[in-house]
């Protein structure tokens, strides 16, 4: 299947203040957006794709000045792909607090003339959804054919169906959860602690010091990356293989340099992440993950929380995902069935753990493709 080709982001400016769940207010702010495909005359074929922790608005295609800059879900979105841009108008939005162009900690605070840094307010999944709704308004989209996301993106899709039930026809929620477990909050806390304890963090105002808490970011990414892979996948990729420059495969160095292939891989991932991601953004997004819990306002009753939803749902999980295990997706399915909602559920046997939602698995892609065929018939796409 062909790629969507060269794409370009554009920036949308919003003058109407946005009141956040914390009570803070953002005045003027901007969101970076990419679109793919054509919006039909009825404006009925729009699909919003919500991104996860370290992703962005750049869902598909490549940038003209960097042919290696493939979008993070390019295998899913494009001409003839499961989310077919020959039929649907797809929008990717970079969320508030991110470090890829939307207003966030790296942006200039108009009150001080310096980057917000640690002064940028805490944002939630619900705040992101309200900001995304303003993007939809700007495009004249009253109702999305679908809102789709994986992991944290799936939480946003679910939140859309709760906050704007009249504006979502279908909610596609993949490898996600209705709330983080204590274990998941603990992983986030350890990752944040690595950043906060880095001497180069400077209380979040490291921009003024001309440094970056790279050590903390590296460790945070290494911790997170372990949780994205399955035990079987790591065993197959690395096992106990040694990494030796001299080619010796069975001798230990008896020191604390990189010894095993898996160590080398994690350090590489950590270094790469520290090159492009912002530490304050990492803190904000992991806290947004922690806070997401739509059942909290209903005494922990997810069925009650979902009682006023009107969308149809596709919920999918992966059997080897232990970060957001299938049992968490089944909680959502049960709550929807308790409310007699239309829900399709698939539990996919893929070996790649949580990151399977990003990969090109035939069974997974066929499932999504078939579901979008159904949506296309409904909207005449």
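Heads up, the Cβ atoms here are built off N, Cα and C, so glycines get one too.
Swiss-Prot lists 45-360 with the feature domain 'AB hydrolase-1', giving sequence analysis as the kind of evidence. Annotated active site, nucleophile per Swiss-Prot: 151, in sequence order, evidence recorded as sequence analysis. Residues or ranges marked as substrate binding site in Swiss-Prot: 221, 355. Swiss-Prot lists 321, 354 with the feature active site, giving sequence analysis as the kind of evidence. For 323, the entry in Swiss-Prot reads site 'Important for acyl-CoA specificity'.
Feature map: annotations from Swiss-Prot on the structure.
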| residue | record | contacts (Cβ under 8 Å, 6+ apart) |
| --- | --- | --- |
| 151 | active site, nucleophile | 52, 53, 174, 175, 176, 324, 354, 357 |
| 221 | substrate binding site | 191, 269, 270, 273, 274, 277 |
| 321 | active site | 175, 230, 353, 354, 356 |
| 323 | site 'Important for acyl-CoA specificity' | 184, 227, 228, 353, 354 |
| 355 | substrate binding site | 228, 229 |
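The average pLDDT computed over the domain 'AB hydrolase-1' (45-360) stands at 96. Around residue 354 (active site), taking its Cβ as the centre, 23 other Cβ atoms fall within 10 Å, counting all chains. Secondary structure at residue 151 (active site, nucleophile), taken from DSSP and collapsed to helix, strand or coil, is coil.
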